[in-house]
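Colleague: Here it is, the structure in full.
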């Protein structure tokens with residue numbers, strides 16, 4: 001009983017840590033990119049710093065300090081077909097999502113993110129991970145309608161920012177699809193740090209971020225002169241990103257991918273409401289909130305539908321010992 005209580009408290013601690021880190025990182029990035037004192041409106045450069053820092057820190061923890069062993073089982077075929085796409089989509093999501101903050105408010109960006117389940121479902125159907133049904137089509141329609149209403153209620157809408165944010169949503173949806181394929185590989189068991197070690201290596205950073213940064217942002221950085229980005233802030237910002245990514249894998253490992261989606265809904269409401277207090281460019285209207293509430297209701301229905309499906313699948317797996325054994329070898333799988 002005591003062990004169960006301890007595990008429950010630890011799980012809730014991981015979830016609260018994820019919500020706090022995710023919300024804080026959004027506000028931190030918004031402040032860094034928008035601050036006139038720092039003068040660093042370069043989302044691609046900021047994302048590049050995050051990825052390089054995570055790669056170096058993972059390498060130091062696993063190869064030099066040996067704090068945690070990197071799990072074996074990675075093959076060139078799995079790396080090329082799963083890990084590289086995950087890293088590429090992760091870089092794309094961070095880049096486009098951070099760029100959107102230069103054009104739209106944090107609250108509106110979060111409202112647009114509510115369409116994520118629609119993107120994940122459509123892409124999942126395309127690759128055979130999801131099955132089209134009338135109920136899912138209805139849920140997707142409710143979410144889409146809610147996002148449209150929230151967008152209609154936005155006072156200072158900027159379509160450039162909307163395009164960037166939607167690009168980030170597509171990138172994140174693709175990352176989740178590739179991640180689901182990755183964690184369901186038979187015989188491949190990875191701890192959270194191992195996943196981060198493989199997903200954000202330096203070679204992917206060079207391919208996905210460094211070359212675009214050279215052509216898109218470096219000329220602007222050279223032209224507009226020096227910036228005032230204190231090293232301590234750079235390190236702190238990168239550490240927050242690393243801790244956030246690690247917390248995501250911790251939550252999934254100790255609960256399920258569904259839990260992280262539900263926690264994400266709570267986090268989104270926290271960000272929307274706090275951003276109205278913290279940032280002057282955030283002007284919430286009743287139409288905004290009404291549309292967002294509709295979209296969140298659709299997201300809740302989607303999560304509930306997935307929960308029932310996963311519970312049903314677990315019940316069938318329990319009656320099949322061989323299937324249950326395969327499930328136990330996949331600690332990061334949505335269950």
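Glycine too: its Cβ is placed from the backbone N, Cα and C atoms.
The compositional bias 'Polar residues' annotation in TrEMBL covers 314-335. Sequence annotations record features per position, and here TrEMBL assigns domain 'Sugar phosphate transporter' to 13-303. According to TrEMBL, the feature region 'Disordered' maps to 312-335. Sequence annotations record features per position, and here TrEMBL assigns transmembrane segment to 12-32, 44-65, 77-96, 102-129, 136-153, 159-183, 195-215, 227-251, 258-280, 286-305.
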Colleague: Considering only Cβ pairs under 8 Å, which range in 44-65, 159-183, 258-280 makes the most contacts with the transmembrane segment (286-305)?
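Modeller: When the Cβ pairs under 8 Å are tallied, 258-280 comes out ahead.
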Colleague: If I count Cβ-Cβ pairs under 8 A between the transmembrane segment (77-96) and each of 12-32, 44-65, 159-183, which range comes out on top?
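Modeller: Counting Cβ pairs under 8 Å, the winner is 159-183.
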Colleague: Counting only CB pairs under 8 A, let me know which of 44-65, 102-129, 136-153, 159-183, 258-280 has the most with the transmembrane segment (12-32).
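Modeller: Between the candidates 44-65, 102-129, 136-153, 159-183, 258-280, the best contact partner of the transmembrane segment (12-32) is 258-280.
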Colleague: May I ask for the residues of the chain that lie six or more residues beyond the transmembrane segment (136-153) and have a Cβ under 8 Å from a Cβ within it?
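Modeller: Apart from its flanks, the transmembrane segment (136-153) reaches 108, 111-112, 114-115, 117-118, 121-122, 130, 162, 285-299, 301-302, 305.
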Colleague: Take the domain 'Sugar phosphate transporter' (13-303) and average the pLDDT across it for me.
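Modeller: 81, rounded to a whole number.
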